[in-house]
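TrEMBL annotations:
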TRANSMEM  57-74  transmembrane segment
TRANSMEM  81-103  transmembrane segment
TRANSMEM  109-135  transmembrane segment
TRANSMEM  147-168  transmembrane segment
TRANSMEM  174-197  transmembrane segment
REGION    207-248  region 'Disordered'
TRANSMEM  270-286  transmembrane segment
TRANSMEM  306-329  transmembrane segment
TRANSMEM  374-393  transmembrane segment
TRANSMEM  399-420  transmembrane segment
TRANSMEM  440-462  transmembrane segment
TRANSMEM  468-491  transmembrane segment
Amino acid sequence: SLYQLPATRVVESRLCREHYRAHDPSALLPDGSVPEELCKVEAVQQRLGRIQGLGEMLWVAGDFFMTIPLVSLADHRGHHFVLCLNLVPRAVLLGWTFAVGYFDQGLPVHAILAAPALSLLGGDCVFNSIVYALVSELTDDHVLRATFFGYVNAVTSIFSLQLGPALASASMSALLWLPLWIGIFLLLLAVPAVSALRLPSRPQHRNLHLDSDPEANDPSTPLIPPQNSPPRTSSSDSDSESNRTRPALAARTTARLRALRRLLAAPSRNLALLLAVFFLAALASADTRLLPLYVSARYAWRLADVGYLLSAKAGWNFVWLSLVVPWALRWRRKQRRRRQGWRGGCYHRAEDAVTGDADTDTDTDADADAENVVLARACLAVSVLGALAIALAPSIAVLLPALLLYALGIALPMFTYSLLRSPSMGVVADAPGGPGSHLFSLVMLVRTVASLLGAALMPSLWVAGLGLGGAALGLPFMASAACYAFAWVLVARIEV
């Protein structure tokens with residue numbers, strides 16, 4: 001969040017100077033710079049959109065291809081190691097942006113695309129795969145699980161979407177490079193913070209020879225052995241740790257790929273629909289990367305001021321996710337239990353105690369899944385309305401309530417991720433690191449593919465909108481509304 005605004009301004013400033021140096025040198029100030037207000041011309045904004053789109057595609061592509069190896073590495077070396085490794089490309093991204101902006105005589109503006117390629121060391125997909133899998137294993141209670149997902153999104157909202165843009169706006173107003181330096185400092189602080197986390201210990205080395213094991217290719221074999229099964233050992237106890245590391249990591253990567261292939265080979269109808277919903281939602285959310293450009297170009301706002309607007313939206317997200325939605329979920333559960341107790345009566349409770357009938361618990365789970373479907377549809381509906389309102393907003397006064405309406409849909413992951421653990425998906429997560437862990441990796445890969453497509457589609461629509469002008473600037477948000485609408489139809493077809 002400290003990167004986006006200053007990086008956009010760095011590239012815009014470089015492109016702006018090149019444009020006016022070639023077409024109108026009189027616009028250049030004595031120090032060679034150009035006032036930001038003159039940089040909103042179509043030629044500059046189109047090139048800016050293309051460069052940002054290419055950078056996003058490079059970041060997402062490297063992240064996608066390394067997700068399975070790095071998640072397997074997390075299983076082998078521990079989550080702390082991979083989470084710390086995940087900080088390296090982010091720090092390089094900030095430092096390289098400063099280098100491209102400061103050494104403008106020695107580095108071409110397109111050199112900024114070199115840093116996103118370091119997502120091969122880990123990006124958002126790797127990070128989210130680990131975090132969401134860990135969070136999903138904290139509890140089996142559907143309300144608590146949805147609440148935990150909400151807290152994760154709320155923390156992300158308050159720090160990366162509220163404090164980040166506000167701090168970037170305030171600091172870049174004083175010095176353009178300041179938010180980049182602050183970001184590097186915070187990443188350095190994250191290293192001891194990650195090391196202090198109490199995460200699951202590194203699993204013992206096992207399954208080192210999956211390819212030679214006849215059970216490994218048996219479709220009836222569980223994706224992960226039961227917790228009480230003895231760990232497999234290497235053929236020689238005298239082998240050193242370094243000799244076992246490479247085959248163990250390769251075996252884990254192969255096993256995870258095989259598990260994902262099994263999930264994709266014959267997914268249940270509900271799981272296929274839910275994966276499609278994740279894909280469409282991630283594709284639609286790619287428009288948020290263009291929001292600073294959209295506000296800056298359509299309403300002639302400085303990028304430093306756009307950060308405060310984004311912070312107001314993120315503040316609303318935090319209140320919505322951390323307070324309103326969890327309270328509403330707890331209230332609805334109390335109401336549902338009260339209705340069930342009233343309908344059941346003392347006679348049915350006594351009968352269940354004698355017969356051992358467990359239908360009450362099953363009905364409760366089914367009701368919870370049905371509630372998640374209803375609430376997911378509600379989030380998608382407001383996302384459709386919010387995206388359309390943003391696309392058609394004629395002024396900032398109309399844009400602000402449109403952003404708040406759009407933000408109501410941010411609760412969607414609370415319900416879609418909860419549905420992943422539903423029995424109706426046909427995947428049983430029987431142990432930590434089991435099928436549920438693979439399922440979350442699969443979801444992150446699906447979302448990353450959608451983000452990769454969105455990184456190409458949304459900037460293309462943005463460039464086309466700039467060429468048409470007027471309301472056509474909202475083309476990316478119109479496309480997002482269409483994706484959310486299609487996802488709404490798919491969620492309605494999920495049967496629980």
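Backbone N, Cα and C atoms are what each Cβ position is placed from, and that goes for glycine too.
Of the Cβ pairs linking the transmembrane segment (374-393) with the transmembrane segment (468-491) and spaced 6 or more residues apart, 3 or more are under 8 Å, so the two regions touch. Through the fold, the transmembrane segment (109-135) approaches residues 7, 10-11, 14-15, 18, 51, 54-56, 58-67, 70-71, 74, 79, 82-83, 85-86, 88-89, 92-93, 96-97, 100, 145, 148-149, 152, 199-200, 417, 436-437, 440-441, 443-445, 447-448, 451 of its own chain, all at least 6 residues removed from its boundaries and within a Cβ separation under 8 Å. Highlighted: of the candidate stretches 81-103, 270-286, 399-420, 440-462, 440-462 has the greatest count of Cβ pairs under 8 Å to the transmembrane segment (57-74). In this chain, the transmembrane segment (440-462) lies apart from the transmembrane segment (174-197): fewer than three C-beta pairs between them fall below 8 angstroms, excluding pairs fewer than 6 positions apart. Where the transmembrane segment (468-491) meets the stretches 81-103, 174-197, 270-286, 399-420, the count of C-beta pairs under 8 angstroms peaks at 270-286. Most Cβ pairs within less than 8 Å of the transmembrane segment (174-197), among stretches 81-103, 270-286, 399-420, belong to 81-103.
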